[in-house]
Amino acid sequence: MPPAISAFQAAYIGIEVLIALVSVPGNVLVIWAVKVNQALRDATFCFIVSLAVADVAVGALVIPLAILINIGPRTYFHTCLMVACPVLILTQSSILALLAIAVDRYLRVKIPLRYKTVVTPRRAAVAIAGCWILSFVVGLTPLFGWNRLGEAQRAWAANGSGGEPVIKCEFEKVISMEYMVYFNFFVWVLPPLLLMVLIYLEVFYLIRRQLGKKVSASSGDPQKYYGKELKIAKSLALILFLFALSWLPLHILNCITLFCPSCRKPSILMYIAIFLTHGNSAMNPIVYAFRIQKFRVTFLKIWNDHFRCQPTPPVDEDPPEEAPHD
């Protein structure tokens, strides 16, 4: 018999389904926009596609698995562990994609004349592949042994049972808090976030310094170039801010769990933290639509062409912005 679902669980499931219904179509639209608009094909937008793929997977895979875990089925330990690992992989992929985006924007303003020779499509593809490979290594580490199998086996043996332990599948019953705090948070989440903050501060400093310079007749219109860079940098920094705002509460709660085992964590706080992490996947397409004109125009074209059956003229694909001369 499947476990009965309480009214609270039903509300939780309803909110999760709503988040998924916003996240999946929104991020598919982001990927679609990059596919149809040549002006969205530079390295930054390739990294944005990688981020969108992770967000689609959150809505299509992680949220259904989170609902399953919330219902609390009894499973073999390693089955539950495999259910818990995808969220770790996708979170790490998002962080590394955001870091790649930050580095890309830094290079655009630091070496505008050499940017296209340094950041080639091939190198961008290699960076994206590297981010995903590293994400799988970090996210699957619990499967390689850093988990709570020993505790589960002792409890299982104490009941006089043999074989692989069967447990009520919950995240904290299979994932070690030492892994979540010392390895995941202190190594793979917090340092990249702090590094990205420093990178964006440097990006804004470089752009402001360039915009403050006097324009000469042969400068290649740096005001226009750096003005566009400033707008895009602000939008991408907002994406980073929302990511940090969404994920830090859950990691802080994990720290409390590890360092203060006797401290009570109200269930409502855990649910809010989980909603924030999943909801972050639905936020990015909204930011793109309101903050980045190329995305907004392409979204409207896709809507008119494929959903309203009112074909519109081709998207005005701006030529690549000419880098200013030194």
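Including glycine, each Cβ sits where the backbone N, Cα and C put it.
Keep in mind that this is a model prediction, so the values were computed, not measured.
Restricting the average to the topological domain 'Extracellular' (1-10) gives a pLDDT of 73. Per Swiss-Prot, topological domain 'Extracellular' is recorded for 1-10 (among others).
Here Swiss-Prot flags 11-33 (among others) as transmembrane segment, drawing on sequence analysis.
Taken from Swiss-Prot, the feature topological domain 'Cytoplasmic' covers 34-46 (among others). Non-local neighbours of the topological domain 'Cytoplasmic' (34-46) in the same chain are 101, 104-105, 108, 119, 121, 124-125, 128, 232, 236, 294-295, 298, 301-302, 315, 317-318, 320; each lies 6+ residues outside the stretch with a CB under 8 Å from one of its CB atoms.
Per Swiss-Prot, transmembrane segment is recorded for 47-69 (among others). Sequence-distant contacts of the transmembrane segment (47-69) (same chain, six or more residues past either end, CB-CB distance under 8 Å): 12-13, 16-17, 19-24, 26-28, 30-31, 34, 80, 83-84, 86-87, 90, 93-94, 97-98, 100-101, 104, 124, 127-128, 131-132, 169-171, 274, 278, 280-282, 284-285, 288.
Only residues 6 or more beyond the boundaries of the topological domain 'Extracellular' (70-80), in the same chain, are considered here, and those with a CB under 8 A from a CB of the stretch are 2-3, 5, 9, 12-13, 143, 149, 152, 164-170, 173-174. Per Swiss-Prot, the feature topological domain 'Extracellular' maps to 70-80 (among others).
The annotation disulfide bond is assigned in Swiss-Prot to CYS80-CYS169 on the grounds of sequence analysis. Taking a C-beta cut-off of under 8 Å and a sequence gap of six or more, CYS169 (disulfide bond) has these contacts in its own chain: LEU68, ILE69, GLY72, PRO73, ARG74, THR75, THR79, CYS80, VAL83. Secondary structure at CYS169 (disulfide bond), as computed by DSSP, is coil.
Annotation source Swiss-Prot lists transmembrane segment at 81-102 (among others). Here the transmembrane segment (81-102) has long-range neighbours at 44, 47-48, 50-51, 54-55, 57-58, 61-62, 65-66, 68-69, 75, 127-128, 131-132, 134-136, 138-140, 142-143, 147, 169, 171, 174-175, 184, 188-189, 192-193, 195-196, 199-200, 203, 236, 239-240, 243, 247, 277, meaning same-chain residues at least 6 beyond its ends whose C-beta is under 8 angstroms from one of its own.
Packing against the topological domain 'Cytoplasmic' (103-123) from elsewhere in the chain are residues 43-44, 46-47, 199-200, 202-203, 206-207, 210, 225-226, 229, 232-233, 236, 323-326: each is 6 or more residues past its ends and has a CB under 8 Å from a CB in it. As annotated by Swiss-Prot, topological domain 'Cytoplasmic' applies to 103-123 (among others), with the evidence given as sequence analysis.
Annotated transmembrane segment per Swiss-Prot: 124-146 (among others), in sequence order, evidence recorded as sequence analysis.
Taking Cβ pairs closer than 8 Å, the topological domain 'Extracellular' (147-176) reaches residues 68-69, 72-81, 83-84, 88, 257 in its own chain, all 6 or more past its ends. As annotated by Swiss-Prot, topological domain 'Extracellular' applies to 147-176 (among others).
ASN159 (N-linked glycosylation site) carries neither a helix nor a strand DSSP state and counts as coil. Look at Swiss-Prot and you will find ASN159 tagged as N-linked glycosylation site, backed by sequence analysis.
Taken from Swiss-Prot, the feature transmembrane segment applies to 177-201 (among others), supported by sequence analysis. Packing against the transmembrane segment (177-201) from elsewhere in the chain are residues 88, 91-92, 95-96, 98-99, 102-103, 105-106, 138, 141-142, 146-147, 233, 236-237, 240, 243-244, 247, 251, 254-255, 257-259: each is 6 or more residues past its ends and has a CB under 8 Å from a CB in it.
Annotated topological domain 'Cytoplasmic' per Swiss-Prot: 202-235 (among others), in sequence order.
Cβ atoms under 8 Å from those of the transmembrane segment (236-259) belong to residues 44, 91, 94-95, 98, 101-102, 105, 172, 177-178, 180-181, 185, 189-190, 193, 196-197, 200, 204, 265, 269-270, 272-274, 276-277, 279-280, 283-284, 287, 291 of the same chain, restricted to positions at least 6 beyond its ends. For 236-259 (among others), the entry in Swiss-Prot reads transmembrane segment, with the evidence type sequence analysis.
The topological domain 'Extracellular' annotation in Swiss-Prot covers 260-267 (among others) and rests on sequence analysis.
Within the same chain, residues 12, 15-16, 19-20, 22-23, 26-27, 29-30, 48, 51-52, 54-56, 58-59, 62-63, 66, 91, 231-232, 234-235, 238-239, 242-243, 245-247, 249-250, 253, 299 sit at least 6 positions outside the transmembrane segment (268-292) and bring their C-beta atoms closer than 8 Å to a C-beta of that stretch. Swiss-Prot lists 268-292 (among others) with the feature transmembrane segment, giving sequence analysis as the kind of evidence.
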For CYS309 (S-palmitoyl cysteine), the number of other Cβ atoms found within 10 Å of its own Cβ: 7
Cβ contacts under 8 Å made by the transmembrane segment (124-146) with residues that lie 6+ beyond its boundaries: 43, 46-47, 50, 78, 81-82, 84-93, 96-97, 100, 104, 174-176, 178-179, 183-184, 188
Long-range neighbours of the topological domain 'Extracellular' (260-267), counting only residues six or more past its ends (CB under 8 A): 253
Spatial neighbours, same chain, of ASN159 (N-linked glycosylation site) - Cβ under 8 Å, 6+ residues apart: none
